[in-house]
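**Q** Per TrEMBL, domain 'Major facilitator superfamily (MFS) profile' is recorded for 9-388. Per TrEMBL, transmembrane segment is recorded for 12-31, 43-63, 75-92, 98-121, 133-152, 158-178, 207-228, 248-268, 280-301, 307-326, 338-359, 365-384. What TrEMBL lists as domain 'Chorismate mutase' is 390-480.
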Amino acid sequence: MNRSNKVRLSLILYLNYFVHGIGLIILTQNMKTLSGEWGTPLAVVSFAISGMGIGKLIAYYALGSLSDRYGRKALVVFGMGLYVVFFFGITLTHDFHIAYLLTILAGMANSALDSGTYPTFLEMNGNNGAYNILIKAAMSLGEFVLPIYIGLNENLGGWYGMSFIITGAILLINLILISRTKFPQRPKTEKQISQRLFSERLTAPKIGMLIILSIYGYTSMAVMILFTQWITLYGIDFLGMNNLQAHFLLSLYSMGSIIGVLLIFSILQRGLIRDIRLIVGLNGLSVLNLLVICFSTHPLLVSITSFLFGVTAAGGVMQVGLNIFSAMFPHAKGRVTGIYFSFGSIALFTVPIITGMLSKISTAAALRFDIVLALISLVIWVIGHRLMDSIESSDLSRERRQINSIDFFILKLLQRRFKHVRAIGLKKIQQNGTIFDSAREKEILDKIEQKIRDKENSRYYQSIFKSIMTSSKNYQSEVQEKGRVQ
Ligand SMILES: O=C(O)C(=O)C[C@]1(C(=O)O)C=C[C@@H](O)C=C1
């Protein structure tokens, strides 16, 4: 597959997820209008939204294997087609039952897109998963743009259905584009080895982790779904915000989630923090942000914390959980992902039902339920942290992770040192100085000797520094040679 084909296909696939980001919140962002259109109370609209989770759950396993059998393109096109029906269909119906069926279709569309797209990115990029993280960013972009559009549209008195029609039209154009785009060739189907999830004996801490990760598959998704569903109405009902300001809260959250994706990605890539610590920290911060959002009456403060909540709760923390899960069962990554996301799908249909009931008390009661969910996430990860410690105390992984992180810093410092060594090398040409300076080397080694606390290891450290200086001198001669030639 050539580069331009790759770029073209990637853009088409990311555009699908931009649309999917819109699809995830388009009903909740229009809840009040839809309640009028369908002639049903808010709780019933909320119930209809739950159809998405049901559709996703029903379709997940079946579509996964269909994707392996009939190819990725068929699945992606199928998902896009279902989504088109959903977007146009909702504007045409006034019947809640039909709307419910349409949301089930939207859920199935999501499953079809997932099962076609994630493997495509892996197959196109030599199994590098980084491109799949950008899917989350594309979704967040959709979730960022839509509330602003709806807020503006409502203020101008425009028809609510326009956002559905525009989104459907984008998908239709994308369908035409994708029909003319090649997908990567799949590697010849390897012999399917039936991988047992529990190939080794499960110890008590591992069973504990399995339970925690299943619960977290649910709560991490639920925390996000609940917030996106209720924050706008909460802004209007409780903070006295106008339409645009209230919709903008969700856009701030989406912006936060994009920043969060980039932040978490770079933290993990550098190995700066252990993933288990990161997940405890992020969940703790999510609880704090939610407390401010749910109990402060200050619109600016709620706006800032909505952004921060996007970073901590929607910036890929769910993916961090999945990574921990996959690392524990390296031979059954596919199945582990299926289990994890299935619990997420259950959240997708239960949260609207539960919060629909709570909304009969008040919008605030619905939103505040998010604190309960976030607290559950925090508590299970505090327990999970201890369990992981006991699992890891017996193998080499904990120490190796520390070494990875230390090496990262050593390398950074060496690179800085080399910059100065180079500058000195160039100055020495002008001053006609020799590269080797025994007095300076002695001074450095003496200073180091004084600082060493574990004297029994002194000769090792001395030898490392001597070796660094030898490399510096070699580097300087190379730099000087090049400098003289120029
Ligand atoms: O300080 C200098 O003169 C350097 O060139 C740097 C440096 C070093 O690596 O620290 C390198 C070679 C010299 O023999 C002494 C020190």
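Including glycine, each Cβ sits where the backbone N, Cα and C put it.
Curation does not apply to TrEMBL; its annotations are automatic.
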**Q** Mind checking which residues of the chain, 6+ beyond the ends of the transmembrane segment (365-384), have their Cβ under 8 Å from one of its Cβ atoms?
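**A** For the transmembrane segment (365-384), the list is 208-209, 212-213, 215-216, 219-220, 222-223, 226-227, 229-231, 234, 276, 279-280, 283-284, 286-287, 290-291, 293-294, 313, 354-356, 358-359.
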**Q** Summarise the model's confidence over the domain 'Chorismate mutase' (390-480) as a mean pLDDT value.
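**A** Summing pLDDT over the domain 'Chorismate mutase' (390-480) and dividing by its length gives 93.
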**Q** Cβ pairs under 8 Å with the transmembrane segment (207-228): which stretch of 158-178, 248-268, 307-326 has the most?
**A** 307-326
**Q** Who are the long-range neighbours of the transmembrane segment (158-178) in its own chain, taking Cβ under 8 Å and residues 6 or more past its ends?
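**A** Sequence-remote neighbours of the transmembrane segment (158-178) are 8-9, 12, 15-16, 19, 22-23, 26, 30, 33-34, 37, 73, 76-77, 80-81, 83-84, 87-88, 90-91, 146, 149-150.
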**Q** Which numbers of helix, strand and coil residues does DSSP report for the domain 'Chorismate mutase' (390-480)?
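**A** Summed over the domain 'Chorismate mutase' (390-480), the classes give 77 helix, 0 strand, 14 coil.
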